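Novice: Below you'll find the structure I mean.
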Amino acid sequence: MDIEAYFERIGYKNSRNKLDLETLTDILEHQIRAVPFENLNMHCGEAMELGLETIFDHIVRRNRGGWCLQVNQLLYWALTTIGFQTTMLGGYVYIPAANKYSTGMIHLLLQVTIDGRNYIADAGFGSSSQMWQPLELISGKDQPQMPSIFRLTEQKGIWYLDQIRREQYIPNTEFLNSDLLPKTTHQKVYSFTLEPRKIEDFESMNTYLQTSPTSAFTTTSFCSLQTPEGVHCLVGFTLTYRIFNYKDNTDLIEFKTLIEEEVEEVLKNIFKISLGRKLVPKPGNGSFTI
């Protein structure tokens, strides 16, 4: 695996000699704007694999994306390769419909230590809950970013990530009650501990997420990609573009329902990916929000 090929894939041409917050932020921002958060393989009859060599080939050489266990593992490899002190952590995603965090450790995130300070770096949550910059690991501090205000809170060794969103404006009134829209401005995202993890700790969950009928990932095909102004999302046949802080502290969200013949073109032109096999889009049951 070639680190220069990774940097070319994400379009990163800046310095990688300084192991500082600016470099970490720059690499994270480049990856989330180049590598989609997506699970389309499993809706093309293919597996979402965890092997680093396979992930490198899939994302870097074949120009695809992946979910957190893939894109954050790739980010972990890149950061450690150039010398950042990086640790894998395991997260539990908040499920609004159940009003609780997942019982299984279904999310991979990273802790990066720079000059004695700890930061959370996560390139694998997607949609409008995706952080654009690393979050300093400080409890109770509001950390404003373009997507929203993020806040980390620690209670008895467990850390919680929340976000405070802006109001939303949806010009197409047909979608005002869409299940894809977050229902509140204050949203819980996930919880985690600082216990170091290895990728092997996620293997059984990686299988469960793409095979269990109770997994939201088996009923929902999704693809999201950050832009300098917002985020594109494709869930089933529904394409959205959210422009952050369009005006008056409000996000603008544009909706479009695609026909089957448009999906491949949208994936190529907006998300910059091409699939090797036919995609069967699935709309899900409201568990994925944009």
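Count begins at 1; order follows the chain as displayed.
Heads up, the Cβ atoms here are built off N, Cα and C, so glycines get one too.
According to Swiss-Prot, the feature active site, acyl-thioester intermediate maps to CYS68, an assignment based on similarity to another entry. Per Swiss-Prot, active site is recorded for HIS107, ASP122, and the stated evidence type is similarity to another entry. Residues annotated as CoA binding site in Swiss-Prot, with similarity to another entry given as evidence: THR103, GLY104, TYR208, THR214, SER287. The substrate binding site feature in Swiss-Prot is assigned to ILE106, HIS107; the stated evidence is similarity to another entry.
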Novice: Where the distance is taken from Cα to Cα, which of the recorded positions ILE106, HIS107, TYR208 turns out closest to the residue listed as 'active site, acyl-thioester intermediate'?
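Specialist: Out of the listed candidates, the nearest Cα belongs to HIS107.
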Novice: Within its own chain, what residues at least 6 apart in sequence put their Cβ under 8 Å from the Cβ of ILE106 (substrate binding site), listed in sequence order?
Specialist: GLY91, TYR92, VAL93, MET205, LEU209
Novice: Roughly how many Å separate the Cα of THR214 (CoA binding site) from that of HIS107 (active site), to the nearest whole number?
Specialist: 17
Novice: Around the recorded CoA site, report the further residues of that chain (criterion: Cβ within 8 Å of the mean position of the Cβ atoms of THR103, GLY104, TYR208, THR214, SER287; site residues excluded), sequence-ordered.
Specialist: SER102, ILE106, LEU209, SER212, SER215, ALA216
Novice: If you count the other Cβ atoms within 10 Å of each Cβ, which of the recorded positions GLY104, ASP122 comes out on top?
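Specialist: Answer by Cβ density within 10 Å: ASP122.
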Novice: Cα-Cα, whole number of Å: HIS107 (active site) versus ASP122 (active site)?
Specialist: 10
Novice: To the nearest whole angstrom, what is the C-alpha distance linking ASP122 (active site) and GLY104 (CoA binding site)?
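Specialist: Between the Cα atoms of ASP122 (active site) and GLY104 (CoA binding site), the distance comes to 18 Å.
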Novice: Taking DSSP three-state, what's THR103 (CoA binding site) in: helix, strand or coil?
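Specialist: It is coil.
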Novice: Helix, strand or coil for CYS68 (active site, acyl-thioester intermediate)? Use DSSP.
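Specialist: Assignment for CYS68 (active site, acyl-thioester intermediate) reads helix.
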